[in-house]
Amino acid sequence: METALAKIPQQRQVFFLTILSLLWKSSSEAIRYSMPEETESGYMVANLAKDLGIRVGELSSRGAQIHYKGNKELLQLDAETGNLFLKEKLDRELLCGETEPCVLNFQIILENPMQFFQTELQLTDINDHSPEFPNKKMLLTIPESAHPGTVFPLKAARDSDIGSNAVQNYTVNPNLHFHVVTHSRTDGRKYPELVLDRALDREEQPELTLILTALDGGAPSRSGTTTVHIEVVDINDNSPQFVQSLYKVQVPENNPLNAFVVTVSATDLDAGVYGNVTYSLFQGYGVFQPFVIDEITGEIHLSKELDFEEISNHNIEIAATDGGGLSGKCTVAVQVLDVNDNAPELTIRKLTVLVPENSAETVVAVFSVSDSDSGDNGRMVCSIPNNIPFLLKPTFENYYTLVTEGPLDRENRAEYNITITVSDLGTPRLTTQHTITVQVSDINDNAPAFTQTSYTMFVHENNSPALHIGTISATDSDSGSNAHITYSLLPPDDPQLALDSLISINVDNGQLFALRALDYEALQSFEFYVGATDGGSPALSSQTLVRMVVLDDNDNAPFVLYPLQNASAPCTELLPRAAEPGYLITKVVAVDRDSGQNAWLSFQLLKATEPGLFSVWAHNGEVRTTRLLSERDAQKHKLLLLVKDNGDPLRSANVTLHVLVVDGFSQPYLPLAEVAQDSMQDNYDVLTLYLVIALASVSSLFLLSVVLFVGVRLCRRAREASLGDYSVPEGHFPSHLVDVSGAGTLSQSYQYEVCLNGGTRTNEFNFLKPLFPILPTQAAAAEERENAVVHNSVGFY
């Protein structure tokens with residue numbers, strides 16, 4: 001406990017002192033109602049909505065509640081109409097005892113916004129109790145020597161009612177010797193005394209019986225009676241006299257049973273039996289008598305435990321009686337001292353165990369504290385721990401509200417165990433703790449968050465449909481339906497991208513699937529956005545960028561751009577016989593639609609008519625000579641080259657290259673007949689045979705002179721016709737060969753053009769000299785060279 005008390009100054013503390021209560025009462029006017037006790041249940045006390053100044057329906061919508069001290073429901077509120085009804089009969093004497101006025105405090109609490117209203121119901125007393133004497137019979141012993149005017153105390157009657165309904169007067173039945181006088185104590189209670197009017201004579205009348213009546217002030221009046229039996233004794237001159245008529249003593253309430261309280265003392269001047277004094281309790285006041293007295297010594301002890309919270313003062317009337325029956329009376333005023341024997345009590349009036357996370361200053365609990373002790377023992381300190389986002393706010397009449405200090409964050413902390421500590425200021429301090437559990441309810445205040453800011457995924461082309469490519473994942477810090485995420489494909493920025501035909505997504509787990517086979521050569525990569533939406537209301541969403549990269553497969557063989565591979569007439573390259581070793585004949589140009597290493601091409605010479613004469617550079621496809629040409633080398637050569645990529649599996653293409661060795665570029669040339677296809681060669685041979693036969697037939701029909709003339713003409717025409725049929729189709733020889741890669745297919749010094757015109761039955765070769773700057777002095781010579789045309793008829797068999 002000491003450790004806990006040491007921590008209290010470090011906590012948020014709210015001191016609730018009596019002065020605070022008084023200030024609150026003075027500044028906050030309570031709504032007061034009054035009604036008589038014992039009113040039948042169902043009685044309408046008032047219309048609460050009207051008295052509070054709010055609409056009738058507002059009581060229901062704002063969750064109006066009534067709280068009472070002690071948690072006993074005395075009233076019932078109809079929130080729809082605002083009427084306040086009595087739930088049961090109320091007994092003022094049971095609820096308030098002798099306290100006047102009898103005020104029942106209750107609080108009305110409204111929510112949204114939180115409001116408190118202090119309300120009081122005062123119960124007025126009705127005369128529903130009659131006076132009652134503690135004994136049905138009283139015994140008095142009066143000596144016959146008593147003088148008129150002598151006063152004899154009588155026991156008072158008790159009436160549970162208060163005010164005018166309590167005992168107001170005492171009477172005695174008519175007689176010759178006594179009358180009753182009614183006196184008031186300091187607290188207003190009435191008590192009777194019997195006054196002797198006429199001297200008594202024991203020999204004439206040894207006994208008397210009187211009827212003592214107690215009357216209250218109600219209308220109609222109620223009464224109670226007791227019998228007073230008087231014995232007249234022989235002369236007893238002196239009655240006992242107490243040393244003090246009033247004894248005042250203070251007794252702590254925690255004194256044990258049989259604890260000593262005080263000693264009273266009385267003396268009697270008579271001698272003998274008339275001087276012997278005995279002590280007794282004359283009359284106790286209250287429900288029970290917690291004291292006993294020793295009849296010989298006059299010592300008063302506790303017979304029951306005292307409780308300051310129930311009765312703080314006791315007035316004990318002590319009677320001292322001598323042997324002759326005379327008595328004297330004194331009063332012992334016992335003040336019960338409060339000790340800190342009651343721990344503070346905490347009563348939860350309203351509790352909200354589920355608090356929305358985004359609400360500020362939400363009332364979590366309404367509670368009241370009380371301590372039955374007084375003074376510092378009843379002053380209290382109320383506190384909660386520092387490290388939680390909650391505050392304690394005092395309202396009124398020992399009421400507090402526990403509110404959130406600001407908006408809570410369920411994602412940071414979903415549950416709080418709040419310990420409310422109430423300590424009094426007594427010695428030693430007593431402490432009461434109450435722990436409430438507050439759960440933070442989720443609000444959809446967090447959008448889904450992707451595990452990556454962007455995603456890059458790879459898929460090989462020629463994939464199978466429905467292939468699982470990858471998974472997009474998002475999380476939501478909320479809970480329940482607020483954290484349930486659905487995924488979707490967002491419309492692409494590129495309207496030409498048919499995303500719905502390429503990709504699909506599983507709405508529940510974010511798995512991406514390919515809808516069809518992808519082609520790297522058609523689409524290398526594409527981007528799109530994936531959205532994640534939670535199930536809250538309103539729903540929150542986020543999106544992330546997904547970049548899909550199509551990986552190339554080696555599904556394309558190299559494609560040769562040059563030389564053109566045409567089934568009708570392959571291309572022929574010219575090689576000067578005087579070419580030096582390393583002479584560039586041509587360059588094989590090829591491409592591969594694949595990418596990366598699948599498009600890395602290499603060249604290889606597979607086969608050649610003269611293997612040692614030619615070589616191919618592996619990386620650029622240049623075909624060069626490896627040595628000087630000799631007279632023994634053939635004039636025509638056929639090379640078979642292989643172009644292959646670096647993929648897996650490897651793909652390749654073959655290139656056939658024809659090389660014609662010429663003495664110089666100044667000589668006319670034609671491709672050999674053998675370079676044509678075999679089917680065309682066969683056709684040419686048949687045609688030649690027919691022309692020879694036709695020429696022989698015509699020659700035999702003419703005279704020798706005519707035959708010679710005509711024969712020469714016919715032979716020339718036949719040969720021209722034959723050469724015309726052997727002509728190569730136009731366009732098979734590129735007019736200007738340009739190195740696509742920039743390395744140069746032909747030597748920069750030689751650009752040539754071959755034109756074969758079959759329509760004129762002549763073969764024309766146009767040779768272009770190397771391009772050199774033409775000086776003015778050379779203009780004429782250059783002009784003559786430009787007009788040079790050579791006409792030759794050359795046949796290859």
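Note that Cβ sites are derived from N, Cα and C of the backbone, with glycine treated the same way.
Copied from Swiss-Prot, the annotated features are:
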- 1-30: signal peptide (SIGNAL)
- Asn169: N-linked glycosylation site (CARBOHYD)
- 247-346: domain 'Cadherin 3' (DOMAIN)
- Asn276: N-linked glycosylation site (CARBOHYD)
- Asn417: N-linked glycosylation site (CARBOHYD)
- Asn566: N-linked glycosylation site (CARBOHYD)
- 713-797: topological domain 'Cytoplasmic' (TOPO_DOM)
Neighbouring C-beta atoms (10 Å sphere around the C-beta of Asn276 (N-linked glycosylation site)): 15
Listed in sequence order, residues with CB under 8 A of Asn169 (N-linked glycosylation site) and six or more positions away: Thr182, Lys190, Ala214, Leu215
Those residues of the chain, 6+ apart, with a Cβ under 8 Å from that of Asn417 (N-linked glycosylation site): Thr435, Ile436, Thr437, Val438
DSSP-derived class (H/G/I helix, E/B strand, else coil) of Asn276 (N-linked glycosylation site): coil
The domain 'Cadherin 3' (247-346), counted residue by residue under DSSP: helix, strand, coil: 4 helix, 47 strand, 49 coil
